[in-house]
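Visitor: Reproduced below are the annotations present in TrEMBL:
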type	residues	note
DOMAIN	59-492	domain 'Major facilitator superfamily (MFS) profile'
TRANSMEM	55-85	transmembrane segment
TRANSMEM	97-114	transmembrane segment
TRANSMEM	126-144	transmembrane segment
TRANSMEM	150-171	transmembrane segment
TRANSMEM	183-200	transmembrane segment
TRANSMEM	212-235	transmembrane segment
TRANSMEM	341-363	transmembrane segment
TRANSMEM	370-394	transmembrane segment
TRANSMEM	400-426	transmembrane segment
TRANSMEM	464-485	transmembrane segment
Amino acid sequence: MGLVGVQENGKGEMALSLGNKSKYKRMDSELSDEFDDEASNHYNELERKKSIRKYVLACAIFASLNNVLLGYDVGVMSGAIIFIQEDLKISEVQEEVLVGILSIISLLGSLAGGRTSDIIGRKWTIAFAAVIFQIGAAIMTFAPSFQILMIGRVLAGVGIGFGVMIAPVYIAEISPTVDRGSLTSFPEIFINLGILLGYVSNYAFSGLSVHINWRVMLAVGILPSVFIGFALFIIPESPRWLVMQNRVEDARSVLLKTNENENDVDERLSEIVAAAGMSNGEKNEEKAVWRELLSPSPPLRRMLITGFGIQCFQQITGIDATVYYSPEIFKEAGTENNSKLLAATVAVGVTKTAFILIATFLVDRVGRKPLLYVSTIGMTVCLLTLSLTLGFLGHGQLGVALAVLCVCGNVAFFSVGMGPICWILTSEIFPLRLRAQASALGAVGNRVCSGLVAMSFLSLSRTITVGGTFFLFALLSALSVLFAYKCVPETKGKSLEQIELLFENHNEWQGSEVEMGDSEHLVQKA
């Protein structure tokens with residue numbers, strides 16, 4: 001009996017042991033399931049964030065396609081004008097007008113673009129710009145005379161004005177705060193890409209007959225705008241414009257597609273609604289826009305000085321003259337062969353495009369102001385050196401080499417700061433109710449200055465020499481350093497609504513200010 005009892009006891013302990021093992025297995029299984037669920041959720045969240053990043057990136061790329069048209073026109077006209085002059089027998093004054101008129105006329109598109117985008121939306125304004133440009137480019141391609149060529153150029157200018165104004169506004173309004181600077185620099189990247197493509201087109205088609213080559217060069221510019229038709233099926237409307245139309249739920253769905261953190265969507269939506277003046281059931285008053293811009297409050301006055309000022313400084317420092325007339329500059333330095341002139345301009349285009357990519361990588365990491373300081377100081381040095389080279393070295397291999405180096409250096413420093421940051425700031429700093437129209441006003445200043453520089457460069461060069469003209473650009477570039485120091489706040493890492501508050505509380509600039517020492521640190525890091 002005792003043996004049986006022991007056996008029973010042994011069996012009981014064995015059963016208990018087996019029961020404990022079974023319980024541990026169940027616990028291990030539950031822990032494993034929980035771990036698998038967490039891992040799965042984490043993986044799904046990472047995939048969702050990747051998908052959103054790709055979507056926002058695609059939106060920024062498609063919205064920037066119109067800017068390829070501006071860049072392509074700037075680049076291609078620098079070479080095409082040589083053959084247009086030969087084919088249509090135009091004078092030097094007609095040459096200046098043909099080159100510069102696009103920038104002057106584009107201000108009409110930029111002025112109309114603000115109001116148009118408030119009526120039909122940011123997305124459809126992008127499409128409208130592409131259609132107008134296509135019509136203008138087609139007329140230029142088949143123009144039998146200078147007069148018809150000018151009609152096409154005027155239409156192309158209006159289309160470019162619309163596109164240049166709306167792209168940075170649209171991208172700034174759909175972008176997450178953390179990536180806004182990089183994405184809003186895309187229009188400038190695409191301008192540079194367009195310039196490079198224009199230079200390559202000049203070089204590639206220069207071997208055709210004089211009557212045909214410049215027409216082919218101009219016709220190729222139609223291709224980028226065709227892709228905008230496909231873009232309309234992909235890109236959403238701006239959530240901030242949707243809020244202005246009282247379509248809050250539509251705006252929320254767009255924010256869900258463009259913001260990685262779902263928890264932030266409602267908070268961002270509330271900020272946008274408040275900024276649009278709809279939190280108390282208000283509709284955006286028609287009184288406000290132009291009357292408010294013409295008699296601004298102190299915060300708005302500071303915004304206008306910053307936005308309009310940086311747009312003007314971007315152009316009066318001579319970047320369009322450098323790009324449009326780079327063959328003339330290299331000819332002045334001693335290069336005679338047309339093929340070599342066009343090859344040198346390709347080097348300028350490659351430099352410009354490469355350095356804008358550096359700016360895209362750095363603008364949301366180191367901020368706007370350090371890049372702006374490096375850019376404006378570097379441009380001043382290059383412009384001054386170019387002036388001295390053309391004025392004192394004369395013709396010769398050293399003069400040509402230094403001229404090419406200075407032009408490439410100038411466009412490199414421009415692309416790393418002043419080029420993209422000008423458009424980033426203009427699209428960031430204005431309140432929602434005024435953003436489109438105020439950005440249009442800034443774009444007008446940019447286009448007017450660009451046109452004046454392009455239309456006066458040859459005449460000014462004949463009066464005070466090419467070297468003297470670039471010395472003038474160097475002085476203006478030095479002034480832009482002071483402007484950046486006094487009038488431009490740091491906007492990195494702030495939402496559009498927080499930037500508006502920054503201008504209202506001007507004393508807070510000191511707390512967020514990036515001093516020139518930071519740019520020295522940036523240079524040391526590079």
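Count begins at 1; order follows the chain as displayed.
From the backbone N, Cα and C atoms, a Cβ is placed for every residue, glycine too.
For each listed feature, how buried is it and what is near it?
Guide: Mean pLDDT for the domain 'Major facilitator superfamily (MFS) profile' (59-492) in this predicted model: 84.
For the transmembrane segment (97-114), the list of distant contacts is 70, 73, 77, 81, 84, 90, 125, 129, 132, 146, 149-150, 153-154, 156-166, 320, 324, 436-441, 443-444, 446-448, 450-456: same-chain residues at least six beyond its ends, Cβ to Cβ under 8 Å.
Here the transmembrane segment (126-144) has long-range neighbours at 63, 65-66, 69, 109, 113, 116, 120, 151-163, 166-167, 170, 215, 218-219, 221-222, 225-226, 228-229, 231-232, 235, meaning same-chain residues at least 6 beyond its ends whose C-beta is under 8 angstroms from one of its own.
Tertiary proximity for the transmembrane segment (212-235) is limited to same-chain residues at least six positions away from its ends with a CB under 8 Å from its CB atoms, namely 58-59, 62-63, 65-66, 68-69, 72-73, 76, 79-80, 83-84, 87, 123, 126-127, 130-131, 133-134, 137-138, 140-142, 194, 197-198, 201-202, 205-206.
Residues of the same chain lying 6 or more positions beyond the ends of the transmembrane segment (341-363) and with a Cβ under 8 Å from any Cβ of it are 75, 78-79, 181-182, 185-186, 188-189, 192-193, 195-200, 202-203, 206, 322-323, 326-327, 330-331, 335, 371, 404, 407-408, 411-417, 419-421, 424, 492, 522.
Among residues of the same chain six or more beyond the transmembrane segment (370-394), those with a C-beta under 8 A of the stretch's C-beta atoms are 317-318, 329, 332-334, 359, 362-363, 402-403, 406-407, 409-410, 412-414, 416-419, 421, 465-471, 473-474, 477-478, 480-481, 484-485, 488, 514, 516, 518-519, 521-523.
The list of residues near the transmembrane segment (400-426) in space but at least 6 beyond its ends in sequence, with Cβ under 8 angstroms from a Cβ of it, reads 168, 172, 180-181, 184-185, 187-189, 191-192, 306-307, 310-311, 313-314, 317, 319, 322-323, 326, 329-330, 332-335, 344, 347-348, 351-356, 358-360, 362-363, 368, 371-379, 381-383, 385-386, 389-390, 393, 438-439, 442-443, 446, 480, 488, 491.
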Visitor: Given pairs 6 or more apart, does the transmembrane segment (183-200) have at least three Cβ pairs under 8 Å with the transmembrane segment (464-485)?
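Guide: No, the stretches stay apart by this measure.
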